[in-house]
Amino acid sequence: MYRVLPKFYFQYSIFTFHYLDYFFFATFCLFTSRISPGHPQLTCLEPPSIRQPNTFFPIFVIRIYFIQLLLLPSQMFKAAAGSPFSALDKSSKSKKKDQKQSTLSSFLGSSQKSQSQPFFSLRKVPALRRASSDGAALFGNTHRKRSHEKPTKGTSIQNSIEITDEESHSDKSEDSAIVAALKSQSQSTRNILLTRSFSGFKDGRMSKSQPVNLEEQERKRARLNFKHSKPLVHHLSFREVGRARFPDSGVRLSDSNAIRGEKRVLEHVEGKETEMGSSGTDSDLEITGMVTRSVEGKDPLQREGINTKSTLHKSSSSSNGISGISSTTHKHVHNLHGSSHHGHRHAHTSEMRDGDGHVRVSKYHIPSSKRRPLPWVVSGTLGNPRLRERSTQAVKRESSTGSRGLSSEQSEVLDAVMFGHKNVFFTGSAGTGKSFLLKTMIRRLRMRYGPSAIGVTASTGLAATNIGGTTINRFAGIGLGLESSIRLCNRVRKSRSAADRWKTTKYLVMDEVSMIDATMFTKLNDVAKMVRGIDKPFGGIQLIITGDFFQLPPVSKRSGSRRGKDADGADFCFNCDAWRECIDETFLLTKVYRQSGDLELAEMLDSLRLGRLPPYVRQKFKALERPLRYPDGILPTELYPTRDEVERANRSRLNSLSGESMTFFAKDSYGPEFAPGRGGNGKHPGYLESVLDALMCAKVLELKEGAQVMYIKNDMEDTTIVNGTIGKIVAFTSSDLWSYFCLQFKEYERLAYQPLLTYASRFIGNRQADLDHTLYEELIASNPAALGKVTVLPALIARAKRQQRRDLLPLAKFTVNTSEGYRLKLVEPMDFASESNPNLVRTQLPIILAWALSIHKSQGQTLSRVKVDLTRVFEKGQVYVALSRCTSTSGLEIVNFDERKVAVRKDVVRFYSKLKKNKSRKKEQQEKLARAK
Ligand SMILES: Nc1ncnc2c1ncn2[C@@H]1O[C@H](COP(=O)(O)OP(=O)(O)OP(=O)(O)O)[C@@H](O)[C@H]1O
């Protein structure tokens, strides 16, 4: 009250004074019959031509009253602002301002602290949109005056920004950055503001012919009173990024599809984060800056300042004049706007150069209408914490493994693919990061050429999903590939999608190539040449092939086929002519990552791989035949050579669980070509069944609460739970009840309140079930958090009672890589199509029991606790694959280790010894060259 009353009193006096003023003035006019507008505000409203004394007086008085009424609020405000009591009013504001000033001072550096200039924050900044290539600040001309943005006094502001020292920003950090940017060039910004306000130049360009009277403008500026404020956030949507072209680096983004666009931009950023540093060109730095900045949609300094690690390495000079900001920011700003000494970095023109003038970014156009925030931010103060976390992890990893997160060996392969444009095959023992490197390459290639130019394939479905691809048979459109090359080619030509795939593919990735036989490889080469009509290896497609021939052999061998086997019984593709024709360079990776924490195990596995087991190594393996107990009660994954053993192990574990079991039967569907009488079923009894049985999903799936399961599908929308994610069944519930539960509880609350759902689910199809109070109390005791929202329980139970038992689905708690560590997911049926014939479909829950896995399914996985039963090993390479999944001996338990079952193929040994020799020869030559230099 003590603030408001004096203000009102003062305002009232002003009001009275004005009216007396006008009364005397009007009387004077009446008697003199001459009107001379005495109030400055009337100047523009009252043309001097109106000078008719007889009619003028009443009109004049009415007008004055009317105008006074209109102007009253702003006058009151002004009066209050100028009143001696306004200091009281502003006390809290000034506190804030002081606080802000101190923040800014620290932000701007100590040199700025002593200055007593007011600090400016930016209002109505949507008008500020871009910077010219020569660094002069330009302001957008599309900003329209809004009704609530009226100035109080006779200024005609059409398009303007305001700089004011008032407080009202919500995001202080952002504000600080903006202010700092403006501070560094406040003079020019002020000029622009004032020139725009009072000289009305066009297209937002500062009119150099207009003299700028700073003092006058400063005074007038103080009169402006914009209520509206917006922070300087330039959001660049994926569509806009899609238009950015980076010709010097070859990066071209052209996707305009909403969802895919976002994902791709994300990939670009990730890719750049890993690639930037080691290539060491400013071009990379430039592009990353652009993309990251675009994605983040945050103010420029923050966006660039928080940029990735390689920016840190490259930091050096500063030219933007902003002191106190890390050198990272400086360098980056400099690189983006080499010639600019201004802080605005939204490029409108078609050229932007780095500090050395190397990089040109063309057509970086940002239409204002499309500015909107992206839902995710890669780094910085805003944004998805998961991505931020990932980014931090990337930085950590980089510091230990090199600037791109890759070892020098891995980088060499990457360079051969990206810059050498060679068909490469890279190999190495298990855990040397072949798949890791492949994923990095895929990401970078997709970033450069778009997803459709990269064919991502593997020999098996599981290996393919591991790298986000498909099987080579499916990609090629050749089914099982049993026909001749010409027939297969005709088959491909008939399928438009398959033919298009072959034609649009620039790079073909093949993982786990050890399982592709020579015959298949030759056929693929022929089909590619014929379909593309180019007589070059694979019709000119660049090949990226990886795998380890010491691991599992081609499928043809396993299925008992006698086609094309060599004397040793295997049909490895490295033996065929097509291989020699296609592969330009072969790389051998030697650094093992998987067992990097247990070098002893890494050495043992090396001997095992080559089939050379000296007695001391044999003893070490024998010593691992002991039962392991884990204090946390989490059991190891069991690996068996055969499917029967896997099923048996899982069943016995399931039987040991108490509780009701639920059985889910798969639903199979066949295409019309398999209708009885049209071949298919009739010709091969049991053929369809056997094809579907080869799918990952089970025909009959029995589950219980507490069962350990593995998710076996990749969901495009949900990237936390992927193929291979392990979880536990916590309840059987209906999708209706689950949806209701999800409505009641937010994502982060669901884990804590899940017992309520489990409890309520007992009432599904069991209306007579009694409320078991002891069980309920146990539930609450075990999870006190549930007490808070226990009122939801009756509604859950009432809803559950309306559901049928046939609606029940498993609810699993999956172990995921987020801060919570777990995620609940209701597992719903999905379609599994056969690789050889997509019209053969089995619909089943995408989970399998996962206490035990077959060794074949485990290939490519990294596991921390493994129990391997080697009793029924039937294949060369199987022992090595099984034992090499584990990261350390402390988590490895072996059952029935038999050294006689450890065998390798001679041609594989020859192939690798040749590779090793070549590698050491190459190394010697490089060393000689280095010494000579
Ligand atoms: N450069 C790297 N930096 C950090 N970790 C890496 C790197 N390369 C590989 N790894 C890690 O090593 C482990 C094994 O990698 P990966 O699965 O790619 O090996 P692989 O050679 O494909 O194995 P396999 O032959 O058994 O399929 C993974 O956990 C992976 O994250």
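Heads up, the Cβ atoms here are built off N, Cα and C, so glycines get one too.
Note that the structure is a prediction, hence the values are computed from the model and not measured.
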Region 'Disordered' according to TrEMBL, located in which of 198-232, 373-407:
373-407
Which are the residues of the chain, GLY428, SER429, ALA430, GLY431, THR432, GLY433, LYS434, SER435 excluded, whose CB is within 8 A of where the CB atoms of the ATP site average out, their centroid?
PHE436, ASP548, LEU589, VAL592, TYR593, ARG594
Does GLY431 (ATP binding site) have same-chain partners at least 6 apart in sequence with Cβ under 8 Å from its own Cβ, and which are they?
VAL592, TYR593, ARG594, GLN595, ALA602, THR862, SER884
Minimum Cβ neighbour count within 10 Å among the binding-site residues SER429, THR432, SER435: which residue?
SER435
For LYS434 (ATP binding site), what residues in its own chain, 6 or more apart in sequence, show a Cβ-Cβ distance under 8 Å?
PHE426, THR427, GLY428, ASP511, THR546, GLY547, ASP548, LEU589
By a simple count, how many Cβ atoms lie within 10 Å of the Cβ of GLY428 (ATP binding site), its own Cβ left out?
24
Per-residue pLDDT averaged over the domain 'AAA+ ATPase' (420-571) comes to what?
84
